[in-house]
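Asker: Just lifted these from Swiss-Prot, have a look:
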ACT_SITE  H193  active site, proton acceptor
ACT_SITE  Y371  active site, for cyclooxygenase activity
BINDING   R106, Y341  substrate binding site
SITE      S516  site 'Aspirin-acetylated serine'
SITE      N592  site 'Not glycosylated'
Amino acid sequence: MLFRAVLLCAALGLSQAANPCCSNPCQNRGECMSTGFDQYKCDCTRTGFYGENCTTPEFLTRIKLLLKPTPNTVHYILTHFKGVWNIVNNIPFLRSLIMKYVLTSRSYLIDSPPTYNVHYGYKSWEAFSNLSYYTRALPPVADDCPTPMGVKGNKELPDSKEVLEKVLLRREFIPDPQGSNMMFAFFAQHFTHQFFKTDHKRGPGFTRGLGHGVDLNHIYGETLDRQHKLRLFKDGKLKYQVIGGEVYPPTVKDTQVEMIYPPHIPENLQFAVGQEVFGLVPGLMMYATIWLREHNRVCDILKQEHPEWGDEQLFQTSRLILIGETIKIVIEDYVQHLSGYHFKLKFDPELLFNQQFQYQNRIASEFNTLYHWHPLLPDTFNIEDQEYSFKQFLYNNSILLEHGLTQFVESFTRQIAGRVAGGRNVPIAVQAVAKASIDQSREMKYQSLNEYRKRFSLKPYTSFEELTGEKEMAAELKALYSDIDVMELYPALLVEKPRPDAIFGETMVELGAPFSLKGLMGNPICSPQYWKPSTFGGEVGFKIINTASIQSLICNNVKGCPFTSFNVQDPQPTKTATINASASHSRLDDINPTVLIKRRSTEL
């Protein structure tokens, strides 16, 4: 009887033991598999390493590691020696060779096909096939692990509100030393909300953006029904209205398209576009209007080139051209600005035609999380000689009509955005969204910052001071988390020490760039089957893509062709910027209308 009791206790003890993979024993992208209740095995297949925990490099791997420079060294080389890079940029063969390396080295870090999601920390058909999930770069921490980060740290993470208040909230506006402006900030928000569309009814691990990439559903609508309501069904064009001699989106009343507006917004100011949340701020509606005009402009060009084409072919081909324009602008203007490189990035799909590359993409929840760049937002928005608070700006399309697109572009080109890394620069007005980002990361059981750094071939941080580059916030973080190996991903990205004169720290760039470039170049239009003139209506359509830039987009669609770029020409804080957000009028209770979208999209 006693023997049976001992056996029963032993069995119960084993069944309640922590998953042996909770300690993340497998290194260098080796995969941990439990074998019994207290044993594990690391699968080192094709990692270039071997041994019990995949820690011993193979011969060729050892040589590669000896020769490979650190990410910070590569960044330094690319952001210095301008004279050398000017020469490289003018030698097509050399420029293409370097660009090919940039694309392949980054894309290699992204699993394709996708592997995990919020509910499956192991390979499964469901994780591969179910498009309603965001994928994951790292599997979630197992439910049977003793602590939120596996085995390290306390059984509970620090209060998210306390983390927010101590190291994330803005004391005073910190401008981006890289000179990013509000044209950049709103482009980022507008562009990414075609694939960051969290389905909050199902949970933060789910998405409503089933295209998982650059499909321009934020222009054309996620569903066929929404698309049809937005289309004119004549000459391939989208519906529009003319106000003061200029083209703007149609109204909700005229299209019967669902948009999110507070009930007090007049019907004539409820513009209807592809993304239902773009009525939130006029900066988003500005870009929505520009792309509406661009689509209809391209339709006119194709109609002249192909009078034999019907409405459907004109519409579909114009959409493909706009996808191409978007990718080119993102790589050659947007990513170019973010990188700070003297090397000129190049959009050329043919660079990958002889490489092992999969033309598919799945958006990762970590990519969504790291893109929460709310520190970009200023305390007030300056248009012409007027200054608007958050409260005045929200759901106010009348500002767009009052000033017009020309003044919007000129003003946002001049107004500097905030620095994202370095801590304490999240505006008070969006603190609820930042807190939700922390809470949702916990709900999705993200692994620690250092596990993500190792996953993307970065050395783990050994202290909070190494993370922040200073002592005050490091001390706050140590009091909150106790162990650097327990530091959460999202807060870490915002407190990480920025690279010299840069908007981001190392982790943001080294995690974000692979997701971004794989998503852009994995688009079907970049494949050998699609990337040819006939796909885009001939040489005329192909030329529209290959000559696209943020400046040409503005010139072709905004009266007067105002100068624009993604950085201010003199990266200094604007004179009208509010100095202290915590003492300004942009308090959270001033922006009650955002309650309307909290359940729909914490990305905003």
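Placement of Cβ uses the backbone N, Cα and C atoms for every residue, glycine included.
Because the structure is a prediction, the values reported are computed rather than measured.
I'd like these features described in context: how deep, what's nearby, how far apart.
Answerer: Counting every protein chain shown, 23 other Cβ atoms lie within 10 Å of the Cβ of H193 (active site, proton acceptor).
In the three-state DSSP scheme, Y371 (active site, for cyclooxygenase activity) is classed as coil. Neighbour density for Y371 (active site, for cyclooxygenase activity): within 10 A of its CB lie 19 other CB atoms from the protein chains shown.
Within the same chain, residues at least six positions away from Y341 (substrate binding site) with a Cβ under 8 Å of its Cβ are L78, T79, W85.
Taken residue by residue with DSSP, S516 (site 'Aspirin-acetylated serine') is part of a helix. In the structure as shown, the Cβ atom of S516 (site 'Aspirin-acetylated serine') sits within 10 Å of 21 other Cβ atoms.
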Asker: List every residue in the same chain as R106 (substrate binding site), at least 6 positions away in sequence, whose Cβ is under 8 Å from its Cβ.
Answerer: A513, P514, L517, K518
Asker: Please report how many Å separate the Cα atom of S516 (site 'Aspirin-acetylated serine') from that of Y371 (active site, for cyclooxygenase activity), as a whole number.
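Answerer: Answer for this pair: 10 Å between alpha carbons.
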Asker: Given H193 (active site, proton acceptor) and Y371 (active site, for cyclooxygenase activity), what distance in Å do their CA atoms have, once rounded to a whole number?
Answerer: 11
